[in-house]
Amino acid sequence: MTLDVEMPGMSGLEFLRRLMRAKPMPVVMFSSLTAEGSEAAITALSLGAFECILKPGPGAGQSSLESLPQTIHAAAQARIDPVGRAIRKNLTSQQGFSDWNGKTVLIGASTGGVEALEFLVEKMPVNCPPILITQHMPAQFLVKFANRLDRIAKPKVRLAKEGDRPLPGEILIAPGGETHLVLVNPQDPKIHLLKAPKRTGHRPSVDEMMLSAQAMANRVVGVILTGMGTDGAEGMAQLKAQGATCLAQDEKSSVVFGMPRVAIEKGGVDVVLPLVQLPNAILDMCSSLKRTN
């Protein structure tokens with residue numbers, strides 16, 4: 001089903017909310033490039049929309065429209081899991097984290113990633129290990145997404161800036177636009193916002209982020225979540241080959257088992273887990289102590 005965020009009578013968001021309660025199905029939403037439209041797009045994705053397409057306008061939206069046939073085809077095959085969503089909402093957050101072992105967490109996601117990342121971030125303790133996220137999304141939407149995550153998270157969540165250091169208690173999101181988030185200076189890692197062409201059709205690219213961390217791979221936990229396509233597979237494979245620990249979301253809990261599947265096929269994954277188990281697994285791998293909760 002396709003829906004416009006702006007509809008006469010009942011809003012598209014209210015219709016989506018009722019639809020997901022009564023008869024969950026893949027829904028592709030259309031949103032305008034405005035502050036209100038961007039906020040609505042993130043809300044729609046959080047409610048379970050498969051994807052939110054930017055309406056074409058001056059200087060925006062054309063690439064999203066060109067990918068519409070592929071998006072609709074993928075939506076028709078998507079996994080909608082209302083039972084799993086209900087279970088995740090009832091899980092408690094992690095209350096503490098100690099003995100950080102110096103590892104930084106790199107997470108890549110695409111279609112279905114908003115809901116998955118909301119779950120992961122909400123379960124992180126206030127002093128979580130450093131986490132960097134690349135989520136495929138227009139830059140205008142990413143601003144609203146970071147704000148939304150910051151409201152529900154215990155750690156600080158914000159868009160990454162040039163020169164930022166990955167620090168415990170902070171979750172930084174690739175701002176997208178004309179840049180990829182990459183890491184430089186492996187002995188004292190800093191974020192560089194690399195102006196470069198799209199990679200595997202995306203900017204920001206998960207591969208760019210993952211590949212930039214090869215020199216510090218033994219201090220990295222790589223995570224690939226739900227998403228269409230192949231972005232992140234090469235980066236995960238190279239990280240794992242250099243000594244990183246790499247996790248992938250399993251097929252059952254993924255909206256689209258594309259990016260995780262290709263990463264697994266390329267040998268870039270150590271452990272495949274359902275989404276509900278990923279927060280504890282990430283914290284275990286970033287602690288010098290074995291967690292018991």
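Each residue, glycine too, has its Cβ placed from N, Cα and C.
TrEMBL entries are annotated by machine, without manual review.
Features as listed in TrEMBL:
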type     : residues : note
ACT_SITE : S110     : active site
ACT_SITE : H136     : active site
ACT_SITE : D231     : active site
DOMAIN   : 1-70     : domain 'Response regulatory'
DOMAIN   : 99-289   : domain 'CheB-type methylesterase'
MOD_RES  : D4       : 4-aspartylphosphate
Can you tell me how the residues of the domain 'Response regulatory' (1-70) break down into helix, strand and coil by DSSP?
32 helix, 13 strand, 25 coil
What average pLDDT does the predicted model assign to the domain 'Response regulatory' (1-70)?
80
Just counting, how many other CB atoms are there within 10 A of the CB of D231 (active site)?
30
Which number gives the other C-beta atoms within 10 angstroms of the C-beta of H136 (active site), all protein chains shown included?
26
